[in-house]
């Protein structure tokens, strides 16, 4: 690199060199990124020759047997900058003594590169130069190694003109579930959902501020963390390297894909850095509180309380916010629904008071709140029993017994899996061994080695059903987050615990686990014995996912059927049956209340005995009193048939469709009628056979009939005109029914009298000639 490039690259990394305290110089960081963007913009505006010269410095020589990896400026021009004022001649030779080839040999392969690709390569070159200067200035050994690795990666990508993809033992983001962002969201729901709408919004803003600070934080290098033990230090070193590669460096190197820290990391990283971040943020709150605007000052005053409360949840091993299956309690859901209802009511009130808005009519009336509250109190009464349930007892949901056992803590559900990057607890390993035994016993067709390979594979996880401390069932699955679906590999419950609703409850837990992570599709290969189970769980043989999404990802099995289940992100599947049952009870109680209000009994209808076949529904006595309202629907205008509008156009359209069907690769069995000599009893069973040849014949006949009807109509009109013509009153009786037809000139026909209408049609049909488009013309 020349001196000017080094000087610019040294400026862009000031925030990394001077900001080891962890986020105290956010303005410096943003200024550095802004300077990088400005420099890239200046490079993009260079003339093409200067752009190619810049690229040549990072392009291999195309000369035979030459190993030069970049053109070097001649000695006399070494201190000139191609980004400012230097545009060399393409015949200038490379300074490398092993090359000595002219500049054009380093850019001969870039002729087909367009401007967008050229700018993309130039942006990667700017990133490489920034990384190079960062590597030279870095004092920490571990960080320097990461910069060197990324520098070589981008350098190779420029040479090969390929996209930078990071592969290796670091894994792919996200690295933990749930993420820090999800856990903080759970914390706000768990801790502050009881507050009023305004207070909850304030705490939500505090949480967003904390996550924003965490996403822009500069963490300490592992060598500076002397307070960690050996195991924690090893985990921190891995996470620090991941943070550098996927979060920190991509913030100023746009050639690398950037991820937010709070999205890809979880509890392990937050627990390791929280104490230091906590102290720094408290200090920053005290120093900058008075400088904040008034609208932000109240939010900042709540930050210390928020950090102190969150600190206990980060340290607590049994905190609910880190539970992958965390769901708000029923009271929190009701509170949230109440706030949403209040917000909607206030919003609707504002809209109704706005004179500029039109009042929107509604076909349905919302029930008063006191009526709904009365129904809820009635069905929640311990002595309440619906009259319908006495005669027709409701069928309990399949998972009702399993949900009751879970509430009594008799069974538990845990997602367990093996790992190569963090230690696995002894309990989890014992559960995996127990699940392996359950799968092997319940799925005898699967080899034990294959079951072991998948159950203990770190990429697979298993939702375990634990009873009395041991697994009695589970679902082994693998999530493909990039493809948006989860593959269910094994699903089994031990034989002694079946027919208790465990299978349904297991699947509902897995559905909730997936929707919380943004997964909306399940795919699985089910054998003939499992198809019924999966159908009950909402699976279907109708695959609504494109094949290219799952082809090559999901494991295929011979003799099995691929099934698909689409998940709705708004549903909580473990509570779905209870919610539906509660809704049914509310509707039944509302109906019962309305029946009690309508005390008047009307006599039956006797009009039908008097001969009436129908009456308007609104004339039924008492119907309006129970709440019925007429529904007025706009009359739909009849759609005119294309045949009546233009028969020729319709015939052409149908011919095109028929011809396309005939040319289809699968149409060969239907081209001609079935030969009765080959299949004697075919027409005995098929009463109305159809084939493409018959379709073509019918299309021709229908077109002819339509044309004939057209001429018949015209002849009728001519007859009526002749009957009403006073000039024909003096004709002889023999000519009373005659009409005169004069064809168009050029057809060689003489004027002649036709005594019958059919002969006129025959005559006209005889003079129909095919036009260029295939339609007859007169």
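Here the Cβ of each residue, glycine as well, is placed from N, Cα and C on the backbone.
Matching 309-336, 337-364, 365-392, 393-420 against TrEMBL, the residues noted as region 'Disordered' span 337-364.
Of the given residue ranges 720-742, 743-765, TrEMBL assigns the label region 'Disordered' to 720-742. The feature region 'Disordered', as given by TrEMBL for the ranges 1-29, 30-58, sits at 1-29. For the domain 'Bromo' (662-718), the predicted model reports an average pLDDT of 79.
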